[in-house]
Amino acid sequence: MRVALIAHDQKKPDMIEFVNAHDGTLRDHDCIATGTTGSRLNDETDVEVRPLLSGPLGGDLMIGSQVATGDCGAVVFFRDPMTAQPHEPDVSALLRICDVHGVPLATNVASAVALVEGVLC
Ligand SMILES: O=C(CO)COP(=O)(O)O
């Protein structure tokens, strides 16, 4: 399954820790990511990730487009709920399109663990 991994800056350490903790499972999937998240994951984990554009430059929308076409089957998106994002409309669009298409979406570590154990294993 193609899995998208996305984290806002304050949440990138959580994403790296999460991916390292579940690398055995995630390595069996086709992982894509927004740009900076993907670069960090490629540098700091053993999971190979395909980085798209950075979130503020359209990366969230690229992932949303793959959700809409059925090419991306799960999204892990560690949002920072305490910091306003300049590209908030793009963030909302990605969350919305996951709901439109019933694609599993985890927005914090606890739900991401449930997604890995319940859907990706
Ligand atoms: O801003 C993001 C998601 O909205 C994440 O983008 P980066 O992974 O490029 O930092």
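Cβ coordinates are placed from backbone N, Cα and C, and glycine is handled just like the others.
What TrEMBL says about a protein is an automatic prediction, not a curated fact.
According to TrEMBL, the feature domain 'MGS-like' maps to 1-121. Here TrEMBL flags His8, Lys12, Thr34, Gly35, Thr36, Thr37, Ser54, Gly55, His87 as substrate binding site. What TrEMBL lists as active site, proton donor/acceptor is Asp60.
Taking the features listed in TrEMBL, we show where each one sits on the structure.
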| residue | record | DSSP (3 states) |
| --- | --- | --- |
| His8 | substrate binding site | coil |
| Thr34 | substrate binding site | coil |
| Ser54 | substrate binding site | coil |
| Asp60 | active site, proton donor/acceptor | helix |
| His87 | substrate binding site | coil |
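Across the structure, Asp60 (active site, proton donor/acceptor) and Thr34 (substrate binding site) are spaced 7 Å apart at their Cα atoms. Maximum intra-site Cα distance, substrate binding residues His8, Lys12, Thr34, Gly35, Thr36, Thr37, Ser54, Gly55, His87: 17 Å. Ranking the binding-site residues Thr34, Thr36, Ser54 by C-beta neighbours within 10 Å puts Thr34 at the top.
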